[in-house]
Amino acid sequence: MGMSNLTRLSEFILLGLSSRSEDQRPLFALFLIIYLVTLMGNLLIILAIHSDPRLQNPMYFFLSILSFADICYTTVIVPKMLVNFLSEKKTISYAECLAQMYFFLVFGNIDSYLLAAMAINRCVAICNPFHYVTVMNRRCCVLLLAFPITFSYFHSLLHVLLVNRLTFCTSNVIHHFFCDVNPVLKLSCSSTFVNEIVAMTEGLASVMAPFVCIIISYLRILIAVLKIPSAAGKHKAFSTCSSHLTVVILFYGSISYVYLQPLSSYTVKDRIATINYTVLTSVLNPFIYSLRNKDMKRGLQKLINKIKSQMSRFSTKTNKICGP
């Protein structure tokens with residue numbers, strides 16, 4: 001193979017969810033709505049938590065950070081996706097592709113570890129309620145937040161640097177709607193052995209570590225709940241955990257389906273499954289966490305009433321200034 005064929009590609013083409021031109025505008029409308037709902041829903045969760053003193057505790061602290069991470073997570077992927085729906089070329093530069101891959105891995109891992117931190121918090125609240133305030137103090141919360149952020153930055157940097165060392169000399173068409181690791185690796189004409197080994201060892205460990213924490217936490221919760229004598233007490237404990245468990249199943253179920261398989265078997269079905277943990281979980285989180293949570297509902301209602309009041313005052317002042 002000549003040296004001219006080994007030059008680094010300057011851009012990739014993102015094939016997207018569909019190559020049919022008639023699908024592009026409906027998909028654009030659908031994902032624009034999903035993106036706007038994601039931004040609005042998660043932003044309302046953050047504002048409700050920070051404006052209500054009754055929601056100033058570790059559980060809602062982690063939920064507000066998760067909502068912020070979800071906003072960032074979808075923003076890394078969806079805006080470029082929307083542009084490509086209306087574009088004929090559907091290109092992404094090499095540097096932009098690596099940047100998208102990096103931040104996708106960063107916020108994906110932060111989401112994963114935050115779900116583990118929330119499970120630990122629930123475990124302490126249910127299994128050790130009398131020492132909850134002592135155990136889940138400010139220092140503990142900061143550590144549970146600092147570790148996933150620090151780890152996610154270095155974990156993502158490792159994988160992106162390993163991709164950057166590869167040579168792409170055949171096709172530049174990525175069969176995906178964003179620069180995910182596996183579809184990009186499939187384009188490489190140099191050996192991806194090191195990348196695959198790291199993905200199946202360090203990458204797998206980074207996914208399994210928080211998942212194991214969640215499993216252990218919920219096993220302890222289950223044992224503690226079964227010891228509660230009253231049916232009402234058991235129901236209250238289970239309902240407290242149900243929203244978090246729903247998100248965990250959605251997130252880890254789709255991740256396991258996509259990534260716990262050989263690189264060669266990556267197909268269109270994986271592209272669809274990826275939507276679950278990149279887009280759907282982020283848009284569903286505000287609804288899942290608020291629908292069955294009375295405190296969260298109260299906080300959101302209080303925030304909405306406050307916004308309405310401010311808008312009413314602004315409208316009244318505007319009318320006075322403008323006159324009849």
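Backbone N, Cα and C define each Cβ position, glycine as well.
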His50 and Asp270: same side of the membrane according to Swiss-Prot?
no
Looking only at Cβ atoms, how many others are within 10 Å of the one on Cys97 (disulfide bond)?
22
Report, as numbers and ranges, which residues of the same chain sit near the transmembrane segment (272-291): CB under 8 Å and 6 or more residues beyond its ends.
17, 31, 34, 37-38, 41-42, 44-45, 63, 66-67, 70-71, 73-74, 77-78, 104, 108, 111, 176-178, 180, 243-244, 246-247, 250-251, 253-255, 257-258, 297, 300
Before we move on, state whether the transmembrane segment (197-219) and the transmembrane segment (101-120) share at least 3 Cβ pairs under 8 Å, counting only pairs 6 or more apart in sequence.
yes
Please report the DSSP secondary structure of Cys189 (disulfide bond), reduced to three states.
coil
Cys189 (disulfide bond) has how many other Cβ neighbours within 10 Å of its own Cβ?
14
